[in-house]
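Chemist: Take this structure, written in structure tokens, and hold onto it; I'll ask about it next.
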Amino acid sequence: MTRRTRALRVVLLVLFGIFFLLPIYASALFSLRRPGGGHSMAAWTAIVSDDQLYPAVLVSLGLAFVSVVLMLLLLVPTMIWVRLRAPWARRLVEFLCLLPLTIPALVIVVGLKGVYAWVTYFLGFIGLGESALALTFIYVVLTLPYAYRALDTSLSAIDLQTLAEAARSLGAGWTATITRVVVPNIWSGMLSASFIAIAVVLGEYTIASLMGYQNLQVVIVLLGKTDGPTSVAASLATILLGFVLLLVLSLATRGRRRHVVGGAVR
Amino acid sequence: MAEAAAGRGRRAGARLREGAPLLPFFAYLVIFLVIPTVAVLVGSVYLDGSFSFGRIHELFSSTALAALWKSVLLSASTAVVGAVLGAVLAWLVASSPPTSVLRRMMLSLCSVLAQFGGVALAFAFVATVGSTGVLTLWVAHLGVDLAGSGWLYTLTGLVLVYTYFQIPLMVIVFLPALEGLKAQWREAAVSLGATGWQYWRQVAVPLLTPAFLGSMLLLFANAFAAYATAAALVSIGSPIVPLLIRQALTSEVVLGQSGFAYALALEMIVVVAVVMVAYTLLVRRTSRWLR
């Protein structure tokens with residue numbers, strides 16, 4: 001590399017750095033402001049103490065947890081089964097998993113409103129009529145594209161057929177084969193899928209706000225009208241949490257593969 | 001004949017047994033993805049028991065057309081700017097050592113900003129160049145009024161904030177293509193007497209063009225369908241299609257706009273689907289050599 005290209009690289013990196021880090025740095029400063037002047041951590045402590053914000057934080061964390069569990073329960077056995085016994089369905093499963101990238105969340109909301117009476121009936125039936133946890137069913141759909149790619153990568157990396165045949169020939173049933181033989185081998189893929197799903201759910205605003213539920217992002221927007229520093233602190237916290245999750249993931253899978261999360265359509 | 005039929009029967013039986021464990025997955029997606037989408041398609045032409053193109057016709061009203069035009073303008077401008085700057089940043093990332101921590105940090109940050117920012121990005125910009133933003137107060141000492149007349153809350157502001165998440169998305173989708181350029185191709189070109197510039201112009205750029213255009217289309221679809229950032233930033237008026245959908249959804253009882261949201265959602269599906277099909281075609285072209 002010539003000296004001129006190296007200088008150009010440094011200049012460009014600095015410019016990009018300023019563009020991307022300035023808003024984050026400004027958010028940090030803004031969140032530390034006190035109304036009268038001076039600094040305080042009040043906005044940050046509000047995340048775990050504010051009457052309106054803290055319950056929403058809990059709702060979003062709960063949603064993230066339930067969505068991850070449901071997503072794994074739905075996707076892992078299906079993807080393993082498709083590879084082992086039903087390869088004819090592979091294209092269809094992939095298509096359905098990646099479909100949410102093409103159908104914007106906004107469209108799903110509009111459609112759900114139309115069949116809402118039916119959905120509330122279903123949710124009331126399983127005892128989730130009023131709870132924001134009802135959102136979990138749609139959030140699982142939103143996480144599918146990312147989760148599918150993460151799981152697909154790690155399933156491709158192992159010799160699934162041989163593992164399953166070995167387990168089966170030693171007398172394991174399908175449940176034991178999946179939970180005790182395959183799952184321990186695709187642990188890293190399940191972890192990536194879960195981390196990305198957490199990031200998706202914690203950042204979700206569109207569906208919650210239009211369906212009238214109060215999750216973290218909805219309350220952040222509500223607070224933005226009255227208490228700027230607190231809403232900026234909470235939104236910075238979600239970005240930082242997402243960043244840490246993905247960085248840990250990338251360092252944990254160091255060298256094994258490139259961690260690339262494909263394009264999203266929000 | 002009978003044997004063949006029995007064979008088909010057995011095969012169908014086997015398929016049924018093989019397919020049964022997939023049922024929960026398919027049932028789930030039908031309920032929470034396919035039915036809502038079909039409801040939009042049906043609802044845009046058929047509501048309250050009658051078939052009509054009235055709602056589709058409303059898409060050609062001046063409000064709807066203006067929103068569509070601004071959405072296209074916003075998506076196209078941020079897709080072009082995001083693709084060009086994102087390709088430059090992707091080049092910077094690609095030429096750094098693959099195991100460096102700085103690179104991993106950049107990629108993780110790109111992932112977060114591109115895909116999970118939404119509302120947070122809107123607030124980051126309010127904190128930076130809003131009327132009491134940090135940068136606004138800094139430059140106020142120099143006599144510059146950065147917040148101006150509240151441009152951040154208009155289409156101009158959306159262009160800036162969207163660009164902020166389009167560039168990282170470009171890095172994520174374009175980097176694999178850039179990394180797919182094999183060192184041997186460069187060596188081959190150089191050993192045949194090409195200069196660095198000639199290699200880029202005659203080998204790398206033609207190879208990367210489909211991926212670049214494909215990524216740009218993805219960026220367009222991404223911006224066109226984005227809702228959270230715009231909704232958090234713009235609270236008055238509905239300049240773009242997603243916000244017009246919000247207006248139709250939240251005021252349908254009051255204004256009797258029932259069903260207009262369906263038509264707008266249909267419009268969104270059509271635009272995004274067309275763009276994504278073009279994207280898929282271009283990606284297929286890229287994947288021919290990207291292995």
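For all residues, glycine too, the Cβ spot is worked out from N, Cα and C.
So TrEMBL lists the following for this protein:
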DOMAIN    A:57-249  domain 'ABC transmembrane type-1'
TRANSMEM  A:7-32  transmembrane segment
TRANSMEM  A:52-80  transmembrane segment
TRANSMEM  A:92-112  transmembrane segment
TRANSMEM  A:118-142  transmembrane segment
TRANSMEM  A:190-212  transmembrane segment
TRANSMEM  A:232-252  transmembrane segment
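A description of the local structural setting of each listed feature is requested, covering burial, neighbours and distances.
Modeler: When Cβ-Cβ distances below 8 Å are used as the criterion, the transmembrane segment (A:7-32) is approached by residues 39-41, 43-44, 228-230, 232-233, 235-236, 239 of the same chain, each at least six residues removed from its ends.
Sequence-distant contacts of the transmembrane segment (A:52-80) (same chain, at least 6 residues past either end, Cβ-Cβ under 8 Å): 46, 93, 97, 132-133, 135-137, 139-140, 143-144, 147-148, 151-152, 155, 160, 164, 178, 182-183, 186, 190, 193-194, 197-198, 201-202, 213-220, 222-223, 230, 234.
Note on the transmembrane segment (A:232-252): residues 24, 27-28, 30-31, 43-44, 46-47, 53, 57, 188, 191-192, 195-196, 198-199, 202-203, 216-217, 219-220, 223, 259, 261 of its chain, located 6 or more positions outside it, place their CB under 8 angstroms from a CB of the stretch.
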